[in-house]
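Taken verbatim from TrEMBL:
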- 139-320: domain 'Tr-type G' (DOMAIN)
- 148-155, 213-217, 267-270: GTP binding site (BINDING)
Amino acid sequence: MSRRRAPCRRQQAAPRRAAPSGCFRSWYLGRATRGLLSSLHRVCLSPVHRTLLGVPLKTNGLCCCCLLVPSPDASIARVMWTLVGRGWGAHALSRGWATGAALGPAPTFGAAPESWPTCRVYSSAEFKEKLDMSRFPVENIRNFSIVAHVDHGKSTLADRLLELTGTIDKTENNKQVLDKLQVERERGITVKAQTASLFYNCEGKQYLLNLIDTPGHVDFSYEVSRSLSACQGVLLVVDANEGIQAQTVANFFLAFEAQLSVIPVINKIDLKNADPERVENQIEKVFDIPSDECIKISAKLGTNVESVLQAVIERIPPPKVHRKNPLRALVFDSTFDQYRGVIANVALFDGVVSKGDKIVSAHTQKTYEVNEVGVLNPNEQPTHKLYAGQVGYLIAGMKNVIEAQIGDTLYLHKQPVEPLPGFKSAKPMVFAGMYPVDQSEYNNLKSAIEKLTLNDSSVTVHRDSSLALGAGWRLGFLGLLHMEVFNQRLEQEYNASVILTTPTVPYKAVLSSSKLIKEYREKEITIINPAQFPDKSKVTEYLEPVVLGTIITPDEYTGKIMMLCEARRAVQKNMIFIDQNRVMLKYLFPLNEIVVDFYDSLKSLSSGYASFDYEDAGYQTAELVKMDILLNGNTVEELVTVVHKDKAHSIGKAICERLKDSLPRQLFEIAIQAAIGSKIIARETVKAYRKNVLAKCYGGDITRKMKLLKRQAEGKKKLRKIGNVEVPKDAFIKVLKTRSSK
């Protein structure tokens, strides 16, 4: 028999007050309300859902698209949603209606819906019903990208467009809204293309504008080319002060080859040194676009930005698609979610896709059931369907990162279609070895690399191993910045710590004998690992990759830049004055001369005003040699490099000097040598620890001292023969760092 605790004196003295019937205050103070408030959680703080199609929501920073309210009474749930939507939390309520403060009229249980507060926030289910993508006919859809050189204002313009269309609230904190990665925020550059669907009302018509913000650095040009496949036009942004730069020219020709409409936008007209008329003349001379088609704006201040939206509607054509045809969707990007699997960004060229449809991958021929479709606004906003001409995301339960291939075509089950052309495979320009700091982390690092390469398909991965560093991979990148960003993303997003070897470029060798051709199964082999570089006796010639580089610089720095290019074995191809003060130079560069420090040297010589871009130009014959690094006569495989014959001595000397500063001293002398074949071209020595064996000799005959010194020398010589020099991993990190050796 249970005993009930007797009430205390305070409870006996203060009897419970009865609240008026139907009063919200008494309901709020009741036990049911406390349970309800304790279950309020997962309130979405994103400003994205404050304004949706046909649902203008004036809130104070909160919306309830993710609010979970387990209420038995729908009226209670709607009241609580409204309060949370206004920014009132549990404490505000307890100080408000519960205490009699003036928070507006309190709704009662029996009140009609019309008497509820007008500032009503919709649940996620109601969002899905309101966001009906069939309301946008093909003629009211515009798909476009923003392309520009680094730091010309792409992301700032994207922020203003999001504000103008009501996608986000206009606040001072809107900076790089579409740059979601930590590395993008830290470096102030865009490294990953991001998509956002904008709803814009113009002349009584509701338009769907699908915006893709793209990177501006040459190392991420593959991101730009993939983004353009889902577009019909581009906004070519040019700085009103700096004018046309090298990447601007490259982006224009990418759009030109894809037959896209180009709208030139001159940004930063608010700057003190801005000269938009000069930039107009540059655009007309270089791109043959009439100056009166240029739009002058200040994205920072929002000046004339709305005319950009008008130009998008007027100058960019709608997509040429057919909604009655079977589904054909192009996967142009993807990410990996730990719980939902692969999230594919798709552009629909034909048909319709909805939740529950069974789709097939043209690449793997596997069948999946669609779990969710939607648009990015800029965060994920689920919809019932996606229609041809629209750009959105699709989740179909792909749990393996290999299943989602960039450029793949998705179609409905039992309705096969001809696959879309897809994309050209990215051609890696730089290769580097990657190894875990601790071999016990190999599997974790493998999983992280697989997931990250899904998000960055331009990285190529080959398994590799090293005697000193253990099992690892040989990765291919589009450039040095691409390699650094990939490494930084591994550390930040997956908490992975890795060792990166010295970057190298892919060389080719033409084999000399039929026996070797039969062994390698081809006459011309590609070498991505310097340790596998064949001997001169086995090949007829070596080939090195070359690129056609474009440099745009003020004319006052032309002489210095020409000397720099000649020192890098470059051959001048062209020289054009794009206006009175700026010159465009074209050079043919060996790729290995520019991958490490050329860009930094160029910026230093030109006080930061010169810009550089390059494109692949094939291979050329070169006098290449394999340079080994020896420690006491033993080759260190991880430090083997391929260099041009004329620069072998300076590069070998620099590596030996850095290795001397990094290796710990031993009881015996360590000889560090750079060798080409059997010829030593550079040497440094790490002195041995030396015991003073003469300390006990206070005078005496000289023969006694010579005997002790001779015995010590013999012991060190014997120790040097049997002693092994183990290079610690921290020494590898110092020696293999990707800085200039100068």
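Note: Cβ is positioned from N, Cα and C throughout, glycine not excepted.
Nobody curates TrEMBL annotations by hand; they come from automatic prediction.
The number of other CB atoms found within 10 A of the CB of ASP151 (GTP binding site), across every protein chain shown, is 16. If you count neighbouring Cβ atoms within 10 Å for each of the binding-site residues ALA148, ILE269, the highest count belongs to ALA148. Averaged over the domain 'Tr-type G' (139-320), the predicted model has a pLDDT of 87.
A 10 Å cutoff on Cβ-Cβ distances gives THR214 (GTP binding site) a total of 26 other Cβ atoms nearby, all chains included. Cβ neighbours within 10 Å of HIS217 (GTP binding site), excluding its own Cβ and spanning all shown chains: 23.
Sequence-distant neighbours of LYS154 (GTP binding site) (same chain, 6+ apart, CB under 8 A from its CB) are ILE146, VAL147, ALA148, THR190, ASP213, THR214, GLY216, VAL237.
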